[in-house]
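Have a look at the structure below before the remarks.
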Amino acid sequence: MTKYVFVTGGVVSSLGKGIAAASLAAILESRGLQVTLLKLDPYINVDPGTMSPFQHGEVFVTEDGAETDLDLGHYERFISAKMHKVNNFTTGQIYESVLRKERRGDYLGKTVQVIPHITNEIQDFIARGADAAWNGATDVAIVEIGGTVGDIESLPFLEAARQMSLRLGRNNAAFVHLTLVPFIASAGELKTKPTQHSVQKLREIGIYPNLLLCRADRPIPDDERAKISMFSNVPLDAVISVWDADSIYKIPAMLHKQGVDNIVCEALGLTPPPADLSMWDNLVDALEHPTHQLTIGMVGKYVDLTESYKSLSEALVHAGIHTRSKINIEYIDSEDIETRGTDQLKHLDAILVPGGFGKRGTEGKIAAIRYARENGVPYLGICLGMQLAVIEFARHVAGLGGANSTEFDPSAPHPVVALITEWMDREGKVEKRDATSDLGGTMRKGAQRCPVKPGTRAQAIYGDDVNERHRHRYEVNNVYVPRLEEAGMVISARTPTENLPEMMELPDHPWFVGVQFHPEFTSTPRDGHPLFSSFIEAAIANHARKEA
């Protein structure tokens with residue numbers, strides 16, 4: 001029988017519930033337990049696919065093509081289980097499901113209400129997500145409830161968790177509450193009152209936390225922990241100090257040293273073997289003792305909110321771990337390049353253009369790509385970054401003046417990138433769309449496998465085939481591929497059914513690769529990713545060349 005740990009948050013949002021939940025999962029997995037994680041989002045959107053990155057941050061794409069919360073990326077990076085569509089659901093999905101049942105007559109004429117119909121549906125979704133992992137043999141499912149205790153939006157989720165813990169019975173459910181203990185500079189002390197009130201609010205709705213994770217910018221003294229313990233009715237050893245760390249990969253060890261996993265296992269009636277965090281210790285050692293220092297320029301338009309590129313930033317960190325390199329990521333606004341030029345790129349060891357949507361800032365990205373191509377700077381283009389590399393090459397090398405994407409200029413004289421209208425998904429189902437299709441849920445998404453061209457850099461990196469995740473509407477236009485290849489570009493991977501370009505490279509450049517997919521979604525600190533490791537190795541070589 002699966003046991004559940006519900007993770008809630010109080011006082012303010014953005015305290016790191018996802019990292020806390022993932023770190024706990026990593027410790028439990030190191031103790032031999034089969035663990036999965038779920039994220040419950042209280043917003044009414046069906047998924048975050050059409051939400052602004054400035055509002056939501058990154059959209060993480062799962063293997064089965066779901067557009068989900070960025071916390072699922074943390075989950076996959078911290079544990080071995082893969083996340084799927086069932087691991088993330090929203091208020092919008094819950095209400096959509098309940099209303100569909102009501103229209104079918106499933107409720108037999110009853111008045112449909114938040115309790116019991118919405119809360120029952122939430123519980124069913126939670127159980128379904130837990131059962132989907134480990135062939136139904138999940139030992140522990142950690143359920144992160146989005147939002148902050150006290151918000152109206154998350155009340156149905158909290159009530160569902162309360163009901164579920166009651167139904168499951170003793171030693172089958174536990175509650176972990178993450179809260180803030182702010183330091184007030186003018187008073188020169190930490191304040192515990194917000195945490196006391198947050199726990200009080202939680203207890204008012206019938207939830208009594210087994211464990212408090214108290215976030216602060218510094219370790220919390222024992223006397224302050226004792227005060228929190230007394231006023232929240234949580235044992236002192238279960239009031240955990242979680243201070244700011246310079247790497248999220250230090251959090252599992254921080255929690256384990258304070259006995260978090262023992263407290264959770266005791267609450268769940270589990271007696272697994274001791275934790276083995278040697279892998280995490282090795283990762284931290286590699287982070288703290290690099291042999292190289294590199295500056296990678298990430299040129300985008302969401303650079304004011306780096307959460308928009310969370311998986312990508314972490315993938316570069318992972319590559320740094322596996323090449324013993326300290327990676328300094330410099331986020332560069334592409335619109336700034338349009339006004340100030342490319343001189344600001346001269347100090348970079350490599351340049352990366354990530355995925356994105358819309359016309360704004362694209363000419364600045366194209367200018368950065370041209371700089372990388374003409375100056376031998378290692379370049380990695382992901383999704384839009386590959387499309388723009390093709391546009392830049394078409395304009396300045398292949399002689400296709402005015403080349404563009406129909407996303408930015410529908411009447412471009414040379415539409416080297418265009419909307420794909422028909423393709424086959426990972427299950428073999430034919431999908432169709434046109435310019436009038438809904439934006440939500442209509443992209444080519446999820447993992448797809450394709451063969452790699454022999455003798456290319458792509459083959460040296462991936463081997464004979466590549467299996468990566470996608471999230472895009474536009475593709476390189478096959479009509480122009482012969483002209484691009486004549487000018488020196490190599491299309492090094494194509495989809496097996498539609499023959500669409502998946503990878504491009506320039507063989508006469510030290511390292512210039514574009515990929516239509518999103519490799520950052522499969523990078524982990526444990527294994528890194530061969531594409532990012534190759535990119536960072538090229539950056540190391542470029543740095544050495546500049547220093548010589």
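From the backbone N, Cα and C atoms, a Cβ is placed for every residue, glycine too.
The region 'Amidoligase domain' feature in Swiss-Prot is assigned to 1-270; the stated evidence is sequence analysis. For SER13, LYS191, THR192, LYS193, PRO194, THR195, GLN196, LYS227, the entry in Swiss-Prot reads UTP binding site, with the evidence type sequence analysis. Taken from Swiss-Prot, the feature CTP binding site applies to SER13, ASP151, ILE152, GLU153, LYS191, THR192, LYS193, PRO194, THR195, GLN196, LYS227. Residues or ranges marked as Mg(2+) binding site in Swiss-Prot: ASP71, GLU144. As annotated by Swiss-Prot, domain 'Glutamine amidotransferase type-1' applies to 295-545. What Swiss-Prot lists as active site, nucleophile is CYS383, and the listing cites sequence analysis. The active site annotation in Swiss-Prot covers HIS518, GLU520 and rests on sequence analysis.
Sequence features, as recorded in Swiss-Prot, placed on the structure.
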| residue | record | DSSP (3 states) |
| --- | --- | --- |
| SER13 | UTP binding site | coil |
| ILE152 | CTP binding site | coil |
| LYS191 | UTP binding site | coil |
| GLN196 | UTP binding site | helix |
| LYS227 | UTP binding site | helix |
| HIS518 | active site | coil |
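As a whole-number mean, the pLDDT of the region 'Amidoligase domain' (1-270) in this prediction is 94. Counting only residues at least six positions away in the same chain, the Cβ atoms of LYS17, GLY18, ALA21, ALA22, LYS39, PHE60, GLU144 sit under 8 Å from the Cβ of ASP71 (Mg(2+) binding site). Looking only at Cα atoms, THR192 (UTP binding site) sits nearest to ILE152 among the recorded positions ILE152, HIS518, GLU520. Taking the C-alpha atom of CYS383 (active site, nucleophile) as reference, the shortest distance to any of the recorded positions LYS191, LYS227, GLU520 belongs to GLU520. When the recorded positions ILE152, CYS383 are compared by the number of other C-beta atoms lying within 10 angstroms of their own C-beta, ILE152 comes out lowest. Proximity of GLU520 (active site) to non-local residues of its own chain (separation of 6 or more, Cβ distance below 8 Å) is seen for SER311, LEU312, GLU314, ALA315, ILE382, HIS529, PHE532, given in sequence order. Taking the binding-site residues LYS191, THR195 in turn and counting surrounding C-beta atoms within 10 angstroms, the largest count is reached at THR195. By a simple count of nearby Cβ atoms, those within 10 Å, the most crowded of the binding-site residues SER13, THR192, GLN196 is THR192. Cα to Cα, LYS227 (UTP binding site) and ILE152 (CTP binding site) are separated by 29 Å. Of all residue pairs in SER13, ASP151, ILE152, GLU153, LYS191, THR192, LYS193, PRO194, THR195, GLN196, LYS227, the annotated binders of CTP, the farthest apart have Cα atoms separated by 30 Å. Taking only the Cα positions, the spacing between LYS193 (UTP binding site) and ILE152 (CTP binding site) is 22 angstrom.
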